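Below: the structure, in structure tokens.
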Amino acid sequence: MGSGWSSEEEERQPLLGPGLGPAPGAARRGREATAVLPAAGPNPGRVYGRRWLVLLLFSLLAFAQGLVWNTWGPIQNSARQAYGFSGWDIALLVLWGPIGFLPCFAFMWLLDKRGLRVTVLLTSFLMVLGTGLRCIPVSDLALKKRLIHGGQILNGLAGPTVMNAAPFLSTTWFSADERATATAIASMLSYLGGACAFLVGPLVVPAPNGTAPLLAAESSRAHIKDRIETVLYAEFGVVCLIFSATLAYFPPRPPLPPSVAAASQRLSYRRSFCRLLSNLRFLMIALAYAIPLGVFAGWSGVLDLILTPVHVSQVDAGWIGFWSIVGGCVVGIAMARFADFIRGMLKLILLLLFSGATLSSTWFTLTCLNSITHLPLTTVTLYASCILLGVFLNSSVPIFFELFVETVYPVPEGITCGVVTFLSNMFMGVLLFFVTFYHTELSWFNWCLPGSCLLSLLLILCFRESYDRLYLDVVVSV
């Protein structure tokens, strides 16, 4: 393990040399950002090759958390037959994800006070417990269902770290011209894990045959249960490997900071919340992120339920969900790399992405109402509209994260992103709560997509961007 910046107190102390400051006449935000500069210490700016290993381990953890969270939605028909799950159970299994964000602020405090290593180890340990709980062999179906729900709750508690810590990791380990890319990779891998659940589940677990005779149905139920347990054991093994790797090597931070922003002093936990809640610009852009991304996350979790009324099979629904998220991950990383090369364009990128998201979500919603709109309802149109929607929305996540941090700097990255992901999961949880009661007819859920995307587009248009952290790295360090 690399040597750390030795103590908690030292972590919050200035590390930059004297004489660094903004030119006379700089804007007020530039002066506020520069006020957090240290008074003495070595000049930072070194990056280490091990940063990619740290990013890989964190990304694999995020991938596994997304995979475990989305285990049940893509195989909901099979789970109903194997374990006697109801539509309420399936919605609740997905709902444990946003419920796991309720102690989000405790994880933000831990990340701010104890750093990456302690927080990541606790997160991975919770995932080991959760996936292990689902694998306990019991014959009582009622007890098995409780164990599965308990495992999903523990995995949901890992969500705050994998969703919030990406900008913190990128600032801690990466230089200014790599931060957006690192944030995109770390944050997108959780979505990619959820996408792989759409692929792995339906391919490994067979769909039930509702027309089979009674004896054949019992045999099919046992076979489906065995295949589901195979998936559960495989996920448990993957999580254990990742936990072992992070336990063996996951340094809290590099010996020297990679940039001026990484070395600068940050606001305290209490002052950070006061700054966030009093910043109207931050609240505006936070809602622009939380509402559509929360709606889309909940919609993706029950995509199979939504597509069943239009006669889309479990396997086809899985492929649609898979490619929509994979496309968003690829485009998101590409957009972040573009943002690293051409700085100060985050708002424009978001406007383009949400214009596309509004159009594609409207197309999908109207297509599902083909009896009224007479639009062609084919596999091609469903694939195209869902994939485009996933590409536009998922690829906006790392761009939003970078804009949040720039807007409220010097608030710590973990606290900033923790607040917005908490809001996103709150909206997701509210929608999934309604799904547990109104799961027989979900056309209303489809209309939430274009409405939330349009609202977000209007909020982004009214938002006035600023780049306080970038000012430190590009101007002050010159």
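Every residue gets a Cβ built from N, Cα and C, even glycine.
Since this is a predicted model, take the numbers as computed values, not measurements.
Annotation comment: Swiss-Prot describes ASN209 as N-linked glycosylation site, evidence class sequence analysis.
Residues or ranges marked as region 'Disordered' by Swiss-Prot: 1-27.
Per Swiss-Prot, the feature topological domain 'Cytoplasmic' maps to 1-51 (among others); the stated evidence is sequence analysis.
Feature annotation from Swiss-Prot assigns topological domain 'Lumenal' to 73-89 (among others); the stated evidence is sequence analysis. The topological domain 'Lumenal' (73-89) scores a mean pLDDT of 84 in the predicted structure.
The topological domain 'Cytoplasmic' feature in Swiss-Prot is assigned to 111-117 (among others). Counting only same-chain residues 6+ beyond the ends of the topological domain 'Cytoplasmic' (111-117), those with a CB under 8 A from a CB of the stretch are 4, 8, 11, 54, 58, 161, 164-165, 168-169, 172, 250-253, 269, 272, 412, 414-415, 418.
Annotated topological domain 'Cytoplasmic' per Swiss-Prot: 174-184 (among others), in sequence order, evidence recorded as sequence analysis.
Marked as topological domain 'Lumenal' by Swiss-Prot: 206-229 (among others).
If you look up Swiss-Prot, you'll see 251-281 (among others) marked as topological domain 'Cytoplasmic', on the strength of sequence analysis. The topological domain 'Cytoplasmic' (251-281): residue composition by secondary structure is 15 helix, 0 strand, 16 coil, according to DSSP.
Sequence-remote contacts of a segment are chain residues at least 6 beyond its ends whose Cβ falls under 8 Å from one of its Cβ atoms, and for the topological domain 'Lumenal' (303-314) they are 73-78, 87, 90-91, 198, 202, 207, 320-321, 368, 377, 379, 382, 386, 435, 439, 441-442, 445-446. What Swiss-Prot lists as topological domain 'Lumenal' is 303-314 (among others), and the listing cites sequence analysis.
Tertiary proximity for the topological domain 'Cytoplasmic' (336-347) is limited to same-chain residues at least six positions away from its ends with a CB under 8 Å from its CB atoms, namely 177-181, 183-184, 398-399, 402-403, 406, 460, 463, 465, 467, 470, 474. Marked as topological domain 'Cytoplasmic' by Swiss-Prot on the basis of sequence analysis: 336-347 (among others).
Here Swiss-Prot flags 369-384 (among others) as topological domain 'Lumenal', drawing on sequence analysis.
Annotation source Swiss-Prot lists topological domain 'Cytoplasmic' at 406-414 (among others).
What Swiss-Prot records for 436-442 (among others) is topological domain 'Lumenal', and it gives sequence analysis as the kind of evidence.
Summarising the annotation, Swiss-Prot assigns topological domain 'Cytoplasmic' to 464-478 (among others) and lists sequence analysis as the type of evidence.
The feature transmembrane segment is assigned by Swiss-Prot to 52-72 (among others), with sequence analysis given as support.
With a threshold of 8 Å between CB atoms, the same-chain residues lying at least 6 positions outside the transmembrane segment (90-110) that come near it are 69-73, 76, 79-80, 118-119, 122-123, 148-149, 152-153, 155-161, 164, 269, 294, 297-298, 301-302, 305, 414-415, 418-419, 421-422, 425-426, 428-429, 432-433, 435-436, 439. The transmembrane segment feature in Swiss-Prot is assigned to 90-110 (among others); the stated evidence is sequence analysis.
Annotation: stretch 118-138 has the most Cβ pairs under 8 Å to the transmembrane segment (230-250), among 118-138, 282-302, 315-335, 443-463. Highest Cβ pair count under 8 Å relative to the transmembrane segment (185-205), across stretches 52-72, 153-173, 315-335, 385-405: 52-72.
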